[in-house]
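TrEMBL lists A:6-25, A:37-56, A:76-99, A:120-138, A:150-170, A:191-211, A:231-264, A:308-325, A:390-409, A:438-455, A:467-485 with the feature transmembrane segment.
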Amino acid sequence: MVFNSYSFALFFVLLLVLHNLPLPWKAKKINLLLASYLFYALWNPPFILLLWLSTVVDFYMARLISREQRSAPRKLLLTVSLLLNLGMLSYFKYGGFLLENFTALLSSVGIAFQAAKPDIILPVGISFYTFVTLSYTLDVYRRKAEPEPSFLNFALFVTFFPHLVAGPIVRPEDLIPQFKVPHRATSQQMTWGLFLLSLGLFMKVVVADTLLADSADTVFGVPFPVQPLDAWVGVMAFSGQIFCDFAGYSTCAIGISLCLGFVLPDNFRYPYAAIGFSDFWRRWHITLSTWLRDYLYIPLGGNRKGNVRTYINLMITMLLGGLWHGASWNFVVWGGLHGIFLCAERLIRDWSGKRQRSFAGTNQSDNVLTGSIAQASIIPVSWNGRVGKFGLALLTLFLVDITWVFFRAPDFGSAMRILLSMFGVIPNGAALLTSLDILKVGTVTVILISCHWFMRHSSLVKLGSRMPWWLLSLIWTGMVILLILTQKSSNSFIYFQF
Amino acid sequence: MTPLQKASVLTLVCVLTFVVGWELYCRSQHLGLSFNDDESLWAHTRKEIYQSSPSRPVIIGSSRVKFDLDLDTWESVTGEKPVQLALAGTAPRPLLTDLANDENFKGTLIIGVTEGLFFTPDGSFPEREATKRVNFYPKWSLSQQLSFHINRVLEPWLYFLDEERLALRPLLTDLPIPPRPGTWGGPKFPREFSVTKFDRQEIMTDAMVADTAIQNKVKAVWMDIGAHSPKQSLPPFLLTAILNSVKKSVDQIRARGGKVVFVRMPSDGVFREIEKKSHPREQYWDRLLAHTNTPGIYFEDYPALSKYRCPEWSHLAPKDAVTFTQDFIPILQQKTGWPIRIRAAKTPLATASRSVHN
């Protein structure tokens with residue numbers, strides 16, 4: 001079930017009614033759990049078995065790990081959990097990719113091998129709920145958390161429908177404590193939750209699907225070079241589309257949870273106003289970047305083992321982060337480019353010797369890739385003025401957009417063709433996009449960058465509380481009217497495929 | 001009340017006011033109620049193919065069979081309504097391949113041939129939308145089905161739920177923005193052109209039938225499409241490949257006991273003259289029938305079918321579609337020898353007076 005559907009609207013209204021009935025808290029939690037299973041099953045019912053398997057195994061493995069004091073059995077139990085979770089993820093997500101590359105490898109050494117093409121369907125959200133359950137087991141193993149005694153609370157933590165299929169990737173401490181005591185939205189929470197739901201749907205349905213998707217699909221869908229203007233507009237369209245699509249989903253998820261009385265963590269903080277890549281990863285898909293930091297980068301040694309190891313660890317983290325998005329070398333290149341940019345940023349900082357915290361007002365506790373990486377900044381002192389910072393933000397966005405080419409293109413050849421088109425290396429490319437397409441993408445891009453820039457040190461909650469109520473209503477009305485005008489949108493969220 | 005609550009109340013009032021106003025405006029345009037001919041409606045219709053028979057054929061093709069074969073009239077003649085799967089502006093070959101690959105489909109198939117769309121290579125633009133529908137069908141999730149049924153309840157009551165004519169996307173497309181040299185945004189049909197019924201019947205609106213200015217706008221769209229279509233004829237090897245793929249699919253269906261017929265619906269005026277030059281009958285239609293060894297009905301071969309004029313050169317007006325269908329069924333029966341049940345004839349006027357508003 002997608003948030004932008006009539007079926008979800010009906011589901012959500014019924015659930016809200018049910019959740020606000022005078023029932024015992026346990027009954028309400030059971031309702032939420034059953035509703036979450038229904039939410040998931042309405043895509044492809046058999047895949048719910050995988051979700052159950054993951055939930056049951058991790059719940060009991062964590063209990064056994066917690067009881068066991070000896071190191072070797074603890075490691076064995078953890079291995080079982082990791083094998084199950086990562087095994088399922090590998091089979092469903094990377095099975096075809098691994099087989100394809102294995103065949104290519106054999107072929108390159110002269111061995112003719114043609115395996116039957118596996119017909120594997122990727123279960124929606126498997127990457128997300130696998131990371132959710134893994135974080136729980138790993139936290140218990142590392143004795144950072146106690147195992148949850150209630151299976152109901154744990155199952156609801158894993159399955160809670162707002163975050164289930166596309167995040168935010170929640171940690172046990174984010175949600176489980178909220179399930180322990182009765183929660184019901186206050187009228188303030190309910191209203192703000194509905195506002196966030198409207199905003200998220202507006203971002204997804206109006207901006208991503210209606211104003212931007214067509215231009216991106218056109219430019220990335222043709223097998224021939226295009227004019228530089230078309231290439232740039234296509235890339236900017238995708239840049240805006242993926243933000244509005246994914247941040248739109250997260251905003252909906254946070255809003256829906258709030259309507260039920262639960263708080264989910266933020267997943268985006270105006271990433272297109274980032275100054276540098278460490279700043280970008282503090283603002284983009286925050287729950288994934290913090291997950292990678294805590295469960296991959298730091299266990300690899302982080303920045304504690306010297307400069308060379310730090311760079312290697314950064315690259316490993318970003319390459320695997322890229323691969324998490326999908327079974328394609330393009331995602332690896334995308335992650336690799338981000339890793340290179342992060343390393344370059346750190347190199348420049350070390351070279352200039354100017355260690356400074358880059359973002360006043362930003363909560364430093366949310367650093368993405370540990371302390372010193374997060375401190376990395378490419379801002380020379382002379383760039384510290386407002387205009388200079390804005391220029392650096394645009395430079396960061398320019399580089400981020402370059403990486404999006406690999407993220408969106410169907411294959412490496414197409415990505416290179418778009419890149420060469422962008423810089424005018426291929427002459428006589430085709431003109432594809434109409435005046436209206438360019439106008440739509442240009443307008444949305446300018447508005448998006450402006451919003452991110454002016455909001456980079458703020459938040460929606462702060463803005464909402466400062467704004468006159470009639471102005472907030474005007475904005476809200478505008479969004480809902482455009483949503484109604486756009487009507488239904490059957491497009492899935494891009495991140496569902498990850 | 002907190003400021004947030006005040007904002008929410010004002011928003012609700014403004015939005016409700018807008019919805020009422022917009023709905024009244026949409027109704028005042030006299031565009032007629034139209035169902036969204038989207039993937040879900042197509043998939044819903046696709047589910048019906050397994051009960052097909054000569055009296056209840058499955059129809060695939062482009063827009064002409066959607067306008068010209070009147071489903072209600074067919075039902076009044078045979079007692080059963082055909083399954084309309086044709087898609088406007090598309091090549092039907094992906095649909096044909098899909099039906100041929102469906103082992104459970106053993107029914108009767110009418111394939112509308114509009115040469116400019118039918119004889120296009122694999123993966124070409126006219127195939128994309130058809131391929132999209134075919135790919136969507138097996139993935140039509142329970143959630144999407146539920147949304148479809150909710151939408152189905154709402155659509156007859158709310159005119160503004162018309163994605164093709166009244167949603168943000170078509171409204172933006174109507175903006176008077178100068179075109180960028182060297183690009184084409186696709187055909188821009190006037191909103192009054194046609195409406196889609198729930199059974200996927202396409203019919204011209206009353207305004208379209210009555211107003212030659214609107215008809216001329218549609219004619220201009222055909223010329224615009226022609227100006228942006230490939231000028232060179234199909235290379236022989238591609239034509240052979242297309243014919244081979246069609247033959248393969250037709251043979252698959254017939255091997256299971258199914259029945260297939262090709263039909264060429266009327267066109268006239270400048271459009272017809274262009275079609276004669278770009279797709280000469282002997283090079284395309286005749287070869288198609290011979291190559292696939294399949295019967296076909298070409299409108300010009302039958303006085304009863306060639307007496308009609310198309311208001312915009314390509315499709316029949318609703319009134320003509322009724323009598324055309326009544327004339328077509330006996331010809332189909334005679335040409336194929338299929339056991340089509342024909343009830344006692346009804347007076348044509350009983351159904352011919354329909355319009356988009358009833």
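We number each residue from 1, going along the chain as drawn.
From the backbone N, Cα and C atoms, a Cβ is placed for every residue, glycine too.
Automated prediction, rather than curation, is the source of TrEMBL annotations.
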Could you name the stretch, out of A:6-25, A:191-211, A:467-485, with the greatest number of CB pairs under 8 A to the transmembrane segment (A:438-455)? A:191-211
Most CB pairs under 8 Å with the transmembrane segment (A:120-138): which of A:6-25, A:76-99, A:467-485? A:76-99
At a Cβ cut-off of 8 Å, and with pairs 6 or more apart in sequence only, do we get at least 3 pairs between the transmembrane segment (A:37-56) and the transmembrane segment (A:467-485), yes or no? no
Listed stretches A:150-170, A:191-211, A:231-264, A:308-325 vs the transmembrane segment (A:467-485), most Cβ pairs under 8 Å: range A:191-211
Contact check, the transmembrane segment (A:6-25) vs the transmembrane segment (A:150-170), 3+ Cβ pairs under 8 Å, seq sep 6+: no
Under 8 Å, at least three CB pairs between the transmembrane segment (A:150-170) and the transmembrane segment (A:231-264) (pairs 6 or more apart)? yes
Same-chain residue ranges lying at least 6 outside the transmembrane segment (A:231-264) that approach it to Cβ under 8 Å: 3, 12, 15-16, 19, 32, 160, 162-163, 166-168, 170, 174-175, 178, 183-186, 189-190, 192-204, 207-209, 212-213, 215-216, 218-220, 271-272, 285, 397, 400-401, 404-405, 407-408, 418, 421-422, 429, 433, 437-438, 441-442, 444-445, 448, 493-495
